[in-house]
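Enquirer: Have a look at the structure that comes next, please.
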Amino acid sequence: MERTYYCGEVPETAVGERVVLKGWVQKRRDLGGLIFIDLRDRTGIVQVVASPDVSAEALAAAERVRSEYVLSVEGTVVARAPETVNPNIATGSIEIQAERIEIINEAKTPPFSISDDTDAAEDVRLKYRYLDLRRPVMFQTLALRHKITKTVRDFLDSERFLEIETPMLTKSTPEGARDYLVPSRVHPGEFYALPQSPQIFKQLLMVGGVERYYQIARCFRDEDLRADRQPEFTQIDIEMSFIEQKDIMDLTERMMAAVVKAAKGIDIPRPFPRITYDEAMSRYGSDKPDIRFGLELVDVSEIVRNSAFQVFARAVKEGGQVKAINAKGAAPRYSRKDIDALGEFAGRYGAKGLAWLKAEGEELKGPIAKFFTDEEQAALRRALAVEDGDLLLFVADEKAIVAAALGALRLKLGKELGLIDEAKLAFLWVTDWPLLEYDEEEGRYYAAHHPFTMPVRDDIPLLETNPSAVRAQAYDLVLNGYELGGGSLRIFERDVQEKMFRALGFSEEEARRQFGFLLEAFEYGTPPHGGIALGLDRLVMLLAGRTNLRDTIAFPKTASASCLLTEAPGPVSDKQLEELHLAVVLPENE
């Protein structure tokens, strides 16, 4: 029989109607003579009743049924008695009187409860992912992902973009994370790489006159994983010709507005706020600040420059800084022991200590209060807008450590003090990034974004004299403290690209060998162009209110980049290795 309704969509208006439903058994209850079955499909649950008064055959089948059996149920929709109405489900006012129950397939007892409140460990859920996906919250997340992707496609189609696929087997490049390599059977000893992004190909599409490109692109990076990282991930990849930075930012904002409207039914304010990279680091201690709450960092270096507290004075004298955050009204909540724990937390980010003061009436009290003159205390009170009951936390060190420690502490306190509105979506642009970052250990510069980012025009001469001072025409989109994506205007002239390669330590031969095809393409009339790439997995995570990226992906990898379901990666046969002209050499400790 053909299905007539999905389980969660049988309406009250169907009372009296004969229906056919198909799905899985969520729960079976035998009440002595009557058997109740909660039948579930991807839309929800409906209650099925097997009664000897209606069908002895259906009752006999229901007696055999167990959790997760697959059924086809034929019966009549009836209204529930008022006292049995279930307001927690969409079909709670009706039930199905079963006239025929067909067991399509049986099921072993699942290793965990197929429900949103399951207590199964994540590794068990990942091993039996096909069961985990039956949980309503997992299906809803995948459905949201589909809706977001469809909205993006519809929006970009309306803006005259073409969706174009770029190669998955490409060339390994030395910048960025480690590549996943694929050996070539046809070319012994040579390798393809899986793309870390379609960056070069989308730029070549601009050279090719496409002008407006996008792709829901699969990308691969062999890097250490965190809760919001995966070895294979999906990005919304966009490139445009003949544009300026404001054009891409405007397009992205309009696209995000459409996505949020489709996903959550709300309108988000535009334009998004914008701050520079330097301002983000100064005010929030982060290049991806969560602006849903205040608790900003305040520089008090000049106030304490000549103080008797040598930890502060010495830090300023040696070129560092002293910054503080004011946790309003938090002094009574944090004991000395609690503050010591905050100090240990700050120590994980390089801070050598966490100094503190509490505001009690008109006085500042704490272990370091005695070191400050009345004038210095008054200046601190003004700078930090101190009121009775405030807790002041200080870090003194080099700028990078101060930013890292206080930035992390700010987020921790924001959560502990309930300052974050979890329902809010706070988009933010971070602009004016440095083009290059210097690695002290390796003694060379790295691209802050990638080697194809256009420098600010006036800064191009500095590539050869003072690379650290060069600004990038780059921009990151941040949402609730997560980097949602980044973009830039691109280099489109060969001489500028060659200067960039030299600043990154490439010899002329290395640049030609790795990127000769791109440099040559720039000699054939390349238009000015730029773009952005937004993390789809992360966007879904944030809009779904999840905290783990793995919950937004149908078949994700673990933190060790393995698949517990298929047991990938795994060994291959000697014959396969021989065909690829490869031999496995394991590390000695293995």
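Even glycines carry a Cβ here, placed using N, Cα and C.
Quick paste from Swiss-Prot:
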BINDING   Glu175, Arg221, His449, Arg490  L-aspartate binding site
REGION    199-202  region 'Aspartate'
BINDING   Arg221, Asp222, Glu223, Gln230, Glu483, Gly535, Leu536, Asp537, Arg538  ATP binding site
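Each of these features: where is it, how hidden is it, and who are its neighbours?
Expert: The secondary structure of Arg221 (L-aspartate binding site), as reduced to three states from DSSP, is coil rather than helix or strand.
Summarising model confidence by region, the region 'Aspartate' (199-202) averages a pLDDT of 97.
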Enquirer: On a count of neighbouring CB atoms within 10 A, which of the binding-site residues Glu223, Glu483 is highest?
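Expert: That would be Glu483, with the highest Cβ count within 10 Å.
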Enquirer: According to DSSP, which of helix, strand or coil covers Glu483 (ATP binding site)?
Expert: strand
Enquirer: State the Cα to Cα distance, in Å, between Arg221 (L-aspartate binding site) and Leu536 (ATP binding site), rounded to an integer.
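Expert: Cα to Cα, Arg221 (L-aspartate binding site) and Leu536 (ATP binding site) are separated by 15 Å.
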Enquirer: Calculate the distance in Å between the alpha carbons (Cα) of Glu223 (ATP binding site) and Arg490 (L-aspartate binding site), and round it to a whole number.
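Expert: Approximately 25 Å lies between the Cα of Glu223 (ATP binding site) and that of Arg490 (L-aspartate binding site).
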Enquirer: What whole-number Å value do you get for the CA-CA distance of Arg490 (L-aspartate binding site) and Arg538 (ATP binding site)?
Expert: 24
